[in-house]
Ligand SMILES: Cc1cc2nc3c(=O)[nH]c(=O)nc-3n(C[C@H](O)[C@H](O)[C@H](O)COP(=O)(O)OP(=O)(O)OC[C@H]3O[C@@H](n4cnc5c(N)ncnc54)[C@H](O)[C@@H]3O)c2cc1C
C-alpha cells in the first residue's frame, strides 16, 4: 500500500515514524520549505497515556526523557491584582506525569528518527481527488479513448482506487491511502466531511522574552519554572518557561473573530503593538505590563477556533484524518497528545491488519476525541470565566 501523509507536524511525523519502525514506507508532504523554515511555537505537556505512549510505541522513549522538563509541571494561578491564588511546585522526584517539552525539540527527535527522503519539503497540498476520476479527466482532456489505466480498472472492479495529489509547486503524486495530518485548516478534511472550525470567541497574541534569566531575572523568577496564568474579566495572560530560556507570553481577549482586525492594534509594528497591548492591562497590577513591555519583536496574533465536539464521518475508502485535522479543539493541553496517539494507533493497525485498519482506527478515535473535546471545552469555559472559577476546579481536582 502506498501511503501519503499530508502534514509534517507532530501527528504526521509520529505516524511516519511508527510506520517506519514496522518497515512500511511512507512519504510525508509538508508545505514548509525546510525543517528550520518556521519557529515551532511553545511548550507541550505530554501525558503518560497519550503523547508519551505514542513515543514509547515509536521507540523514542530515551530521546523523550532527554528533552522532557519535569519542573515544567510547576503552575501558578493569579488574579489581576497580582495575588497568587494557587501554586504547585514539582518535587525533584515527582513522576513525569505531564512533563513539558519544547515543540521544536519534539519535532527534532521525530525528524532525526526518519530517513531524510521521507519528508518532501515545500509540498503544500492544493487538492486531492480520487485517482480514477483524475485519470478519466486527463484522458478526456487528451481526447484519448481505449483501455482504462490500472487504477481505473481497479475502481471498476470496486477496489479502492487511491488518490491523486496536486501541490502548489506544480508537483503531483498518487497514493493508495491518503492521511490528512494537515492541521486546523486541513485541505484533506473536505474529502470526508463538510465540517469547518468555528471561532471560539477568543483571540490570542503570542509574545516572548528571550534568555529571560539573564535579561529580566525578576520577571523570570515571577513566572517560575513552568506555567503562569493570570485570569481577569474578558482577558487573560499566560506565560510559560521554555527549555531554551525563553518565556513565552500569551495574551487572550474575548471577542469576535474580526477583533484582531478591528481592535486597532498594529500587530506588524512590534513596539507600538506591545505598548497598545500593555495598555489593555492598565487596570491590572503593574507586573503584568512589565512582562509585556519586556518582550521582543515576535508578535503572533491568532484567532482560536474548534471543530464541532463529537465530529465523525462515514468511511471513505483510501482517506482518513489524524490530529487537529480530525478534531481541532480548544487549547487545553490535549491536541498534540491526541494527534500523536492517533498516529501511533493508526500505524499499529496498518501494520497488523491493513484492510480494516482505517475504519477501526476512526471509530476508536471518534470516541476518544469526543471525550477530550468535551473536557477541553469545559476547561476553556472555566478559563473564560476567570481566576475564581479555575481555582475552584484546581482545588476540587488536586
Ligand atoms: C497556543 C497553542 C498552545 C497549545 N498548547 C498545547 C499543549 O500544551 N499541549 C497539547 O497537547 N496541545 C497544545 N496545542 C494544540 C497542538 O498544538 C495541536 O493540537 C497539535 O499541534 C496538532 O498536531 P497536528 O500534527 O495534527 O497538526 P499541526 O501541528 O498543526 O501540524 C500540521 C502540519 O501540516 C502542515 N500543513 C498544513 N497544511 C498543509 C498543506 N496544505 N500541505 C502540506 N502541509 C500542510 C503544517 O505546516 C504543519 O507542519 C496548542 C495549540 C495552540 C494554538
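Just so it is clear, glycine is given a Cβ too, placed from its N, Cα and C backbone atoms.
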Subject >> Of the residue ranges 38-79, 80-121, 122-163, the one that TrEMBL records as region 'Disordered' >> reply: 122-163
Original post:
Which bits of the chain, at least 6 residues beyond where the domain 'FAD-binding' (319-353) starts or stops, bring a Cβ under 8 A of a Cβ in it?
Top reply: 1, 3, 7, 9-15, 18-19, 21-22, 24, 44-47, 50-51, 53-55, 57-58, 98, 103, 106, 128, 163, 177-184, 186, 188-189, 191-192, 197, 200, 304-307, 309, 311, 360-362, 364-365, 368-370, 372-373, 375-377, 379-380
Subject >> Per-state residue totals over the domain 'FAD-binding' (319-353) - DSSP helix, strand, coil >> reply: 22 helix, 3 strand, 10 coil
Original post:
Just going by other Cβ atoms within 10 Å, which of the binding-site residues 45, 324 has the emptiest spot?
Top reply: 45
**OP:** Quick one: of the binding-site residues 45, 103, 324, which has its CA closest to the CA of residue 38 (NADPH binding site)?
**Re:** 103
**OP:** Return the members of 38, 103, 324 (the binding-site residues) with CB less than 6 angstroms from at least one atom of ligand 1, or none.
**Re:** 324
